[in-house]
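A.B. asks: Supplied in structure tokens, the structure appears directly below.
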Amino acid sequence: MSILWVSILFILVRLSLSKKVDENNCEVCVKYVRDFINSLPVEQRGSKNAVKEAFEKTCSKSKGKNNTFCYSVGGLEMSAAKTVDFLVTPVTKFMPAEKVCEELSSKVSDICDLTYEKQIDLKELDLKRTPLKVLRKIISDWGIECRGCAEKSDFVNMIEQNMPIYDPEAAAYRDRKKSEL
């Protein structure tokens with residue numbers, strides 16, 4: 001009888017220690033895996049080799065935190081750990097992204113520590129009062145270079161010129177606000 005109680009206690013402790021994985025506490029993993037799963041054709045999801053090749057191809061184009069995620073999982077050629085099979089197997093079993101990340105987090109401990117950087121809202125941002133470091137980050141995030149930018153005003157002009165391309169919503173909002181004044 002005591003073995004039964006010990007078993008029940010063990011199961012309860014195990015369940016209480018397991019953390020539910022969702023987009024709030026495992027942001028990068030859940031979003032990246034969900035986007036990856038949605039990009040796969042259904043007929044390709046059943047094959048481990050096809051899923052692995054598709055994941056490695058997707059990872060080769062990744063940047064920022066997504067690239068860090070791919071490195072941690074083993075989706076890049078230069079990855080130290082080759083744990084990509086812990087992602088591929090659940091995907092081929094048609095598991096949702098949350099479950100895939102839950103299994104991954106038990107194998108790759110720091111996978112859920114990755115979070116995206118907070119996006120800068122350009123609608124209300126006063127570019128002339130914004131630190132140069134933030135202006136450089138905005139331009140860098142857009143993937144463009146400000147060649148010949150020597151002063152802060154050069155960075156501000158570059159952002160204002162490219163805002164309709166990279167953040168049209170913010171550009172339209174700023175134009176409406178200027179016309180109201």
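A Cβ is built for glycine as well, from the same backbone N, Cα and C atoms used for every other residue.
Because TrEMBL annotations are produced automatically, they should be read as predictions rather than curated entries.
These came from TrEMBL, pasted as-is:
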type   : residues : note
SIGNAL : 1-18     : signal peptide
DOMAIN : 25-120   : domain 'ARMET N-terminal'
DOMAIN : 125-166  : domain 'ARMET C-terminal'
A.B. asks: What residues elsewhere in the chain lie close to the domain 'ARMET C-terminal' (125-166), defined as a C-beta under 8 angstroms and at least 6 residues from its ends?
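C.D. replies: Same-chain residues near the domain 'ARMET C-terminal' (125-166) but 6 or more away: 174.
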A.B. asks: List the helix, strand and coil residue totals of the domain 'ARMET N-terminal' (25-120) as derived from DSSP.
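C.D. replies: For that range the per-state counts are 61 helix, 0 strand, 35 coil.
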A.B. asks: Per DSSP, how many helix, strand and coil residues does the domain 'ARMET C-terminal' (125-166) have?
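C.D. replies: So the domain 'ARMET C-terminal' (125-166) is made up of 26 helix, 0 strand, 16 coil.
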